[in-house]
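Among the features that TrEMBL reports, transmembrane segment is placed at 7-29, 49-69, 81-100, 106-123, 143-168, 180-200, 209-231, 237-255.
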């Protein structure tokens, strides 16, 4: 029962990520907080839910990056390497961050980021990237700084960091979204690997967390394949409506937990 449930969740997460372009953390973190109602042996804290989310990101990001490099050939390796270095450095501190942030504060921060992401989705106005002129080494330095800052905050919350990377890379480096998307996947691959190692080193994750993260990540690859095949068959207004429902379900589930943590309900 446990294996089947986690396998199905992994496939669902991968499908939704591929279909709607949102990180698995938006689904996995809230779901893990309620999983004990379905599987009593899996009663995870917010910290452990973040650990599971980050570990499963490794699988989908490696898979996506491989496709970008060998099939689509749309990844700028020079930019990716320096952004990835920054992500690896920043995420290395995520285990320390989780050690000092109380569970209720972590859940509240995750809720705030979810609300901000939802707001950007509903009211976003497409902006053109800035026209930026930099030397190669200035660009590389900025990539490392952006990667480091994003790695610390995004991985500590169990999210990929795309919502932070897009505006930063557009504003400071003048990158367009077509260039940013494959860069984000490469960043997530580096940051998620570093974050998982940091969580293990600082005892944030347990054997159960590693087991669940591995299963979700493995089966999410099946979901990614399914999602990429379904995306062309869904009409735009239906696609938008389903995504709104997913966001709201995630936000309401997290809000309920936050209110409980703070003793409001």
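For all residues, glycine too, the Cβ spot is worked out from N, Cα and C.
Not measured: the values here are computed from a predicted model.
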Beyond the flanks of the transmembrane segment (81-100) by at least 6 residues, Cβ under 8 Å: 47, 50, 54, 106, 140, 143-153, 155-156, 161, 183, 186-195, 197-202, 204
Candidate ranges 7-29, 106-123, 143-168, 209-231 - greatest C-beta contact count to the transmembrane segment (180-200) (under 8 angstroms): 143-168
CB contact flag for the transmembrane segment (49-69) and the transmembrane segment (143-168), at least three pairs under 8 A: yes
Contacting positions for the transmembrane segment (106-123) when only residues 6+ beyond its ends and CB under 8 Å are counted: 22, 26, 29, 33, 46-47, 50, 98, 156-159, 163, 243-244, 247-248, 250-251, 254-255, 257-258, 261-262
Within-chain partners of the transmembrane segment (7-29) [C-beta distance under 8 Å, separation at least 6 from its ends]: 46, 49-50, 52-54, 56-57, 60, 110, 114, 117, 157-162, 188, 215-228, 230-231, 234, 239, 242-243, 246-247, 250, 254
